[in-house]
């Protein structure tokens, strides 16, 4: 039988519920338990797929092609269980399903209400997503007290009543601020946050106390007294050197043992040696490199969360400190490429829309002509093709129809037909909705023998995740290949270009897929590892 841990947040948002949930899950997994994590998002969008990166940050793509919250990226980086479309749902998704049932007549003419219909649908999805796990952590987005979260919290309350307190508990993450002028931490915000929980019928069983400073024993006793939480269940969670040090921190405070005892589970001792090795490598690098990342969402780095972590993971695997220089592509358009001169390697990530595209194209040209290691991802591959077409193949008007609908030389165009993650044929037109209409999820890719990328992976057939609706136009491939561009990866059916490489260059790889979605701190990723190694070689050779 599955046990449920409902994770809520109080006082302020962005305290790190996702990291806390993932860290506890990692410890429980290290004790031999099968775990999973769900994220319940209270916004009315059906999914984050059409939301601006400035609003929401990264859209994380799962193996089965779901566009989900970036917290699912944290979950996959901390535990071995792959996330699916069942691990994340929103208010919009819930209401969409309930309204569909009402239109179909499933409610037999009854009045459709938040309770029981919306809460029942939430409970159904939680139980479905948690099926098969020994322990499921359910992270409720937002902050206790927000009107948007109320249906989710009520559904969690009901589910705990239904399964019993031996199979469910509430873990509340709250802020314990340090007031510098007073020289002490303050517990009052936590007390008020728990009071807010009680007002809707919820009593936390565990409190995680986020603070810049250690929450001392006397403060924990005070919190326990005024919140009706067992003292040993008031767990400090102060700022750490790295998020990957948090599993060890929480384990030393006894959080996992508390959960094991509460649920009556039989579990072995936690083996956190892999996490200790990750932190040791991260904190004791033997070299360092500087990567220039040229994108258009630099005002909110969460838009590139998985990518930033992937470079960090590559540094862990190579014992290299990876310094990232974040550069807005519009700055390249305005001021030129001199800002790239200090970089040991250059990366252009994915993105949407015309703004900043010419700056990315100029970045590619700089990397190609100056033999600087280059990694292009998604749009980063498309601009690499455009740059090569213009400056090497002689297609001076080369562009993408995403940015120039009537360009005379559309070297990148809309995909109209492809196979999805399950092998089913998908078709799209210019009139299709934006939401959920991209080529999404894991796809097989066949690499070319002798290419740089096959040297990274060490095998010819790989499987990586996609999120795009534009592709290289096959009509122009003969002209591009004649000019020297190497097509070093194609889709399994051979119809879509997945990887290109530039000739006579030490390391120039551009891929249509998103390798950052499968990188983890314990395993790294072969493409990012190869990229950082190329940056090291360039640094030492310069």
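Note: Cβ is positioned from N, Cα and C throughout, glycine not excepted.
The model shown is predicted, which means the values in this text are computed figures rather than measured ones.
Quick look at what Swiss-Prot lists:
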type: REGION; residues: 1-265; note: region 'Amidoligase domain'
type: BINDING; residues: 13, 186, 187, 188, 189, 190, 191, 222; note: UTP binding site
type: BINDING; residues: 13, 146, 147, 148, 186, 187, 188, 189, 190, 191, 222; note: CTP binding site
type: BINDING; residues: 14, 15, 16, 17, 18, 19, 71; note: ATP binding site
type: BINDING; residues: 71, 139; note: Mg(2+) binding site
type: DOMAIN; residues: 290-541; note: domain 'Glutamine amidotransferase type-1'
type: BINDING; residues: 351, 379, 380, 381, 382, 402, 469; note: L-glutamine binding site
type: ACT_SITE; residues: 378; note: active site, nucleophile
type: ACT_SITE; residues: 514; note: active site
type: ACT_SITE; residues: 516; note: active site
Residue 380 (L-glutamine binding site) versus binding-site residues 14, 187, 190 - nearest by Cα: 14
Neighbouring C-beta atoms (10 Å sphere around the C-beta of residue 382 (L-glutamine binding site)): 30
From recorded positions 14, 17, 71, 222, 516, the one whose Cα lies nearest residue 382 (L-glutamine binding site): 516
Which same-chain residues, if any, lie at least 6 apart from residue 17 (ATP binding site) yet have Cβ under 8 Å of it: 7, 8, 9, 71, 139, 141, 173
Chain-internal residues, separated by at least six, CB under 8 A from residue 222 (UTP binding site): 187
Lowest local Cβ density (other Cβ within 10 Å) among recorded positions: 15, 19, 147, 378, 379: 147
Nearest of the recorded positions (16, 351, 378) to residue 516 (active site), judged by Cα-Cα distance: 378
Between residue 16 (ATP binding site) and the residue listed as 'active site, nucleophile', the C-alpha gap once rounded to whole angstrom: 29
Non-site residues, in chain order, whose CB comes within 8 A of the mean position of the CB atoms of 14, 15, 16, 17, 18, 19, 71 at ATP: 9, 20, 21, 74, 139, 173
For UTP, whose listed binding residues are 13, 186, 187, 188, 189, 190, 191, 222, the greatest C-alpha pairwise distance in Å: 23
Non-site residues, in chain order, whose CB comes within 8 A of the mean position of the CB atoms of 351, 379, 380, 381, 382, 402, 469 at L-glutamine: 350, 352, 378, 383, 400, 412, 468, 470
Candidates 13, 147, 190, 191, 351 (binding-site residues) - the one closest to residue 19 (ATP binding site) by CA: 13
Site extent for ATP, whole Å (max Cα pair distance, 14, 15, 16, 17, 18, 19, 71): 13
Neighbour count (Cβ, 10 Å) for residue 71 (ATP binding site): 27
Close recorded positions near residue 188 (UTP binding site), where close means Cα within 10 Å, chosen from 15, 18, 147, 351, 378, 379: none
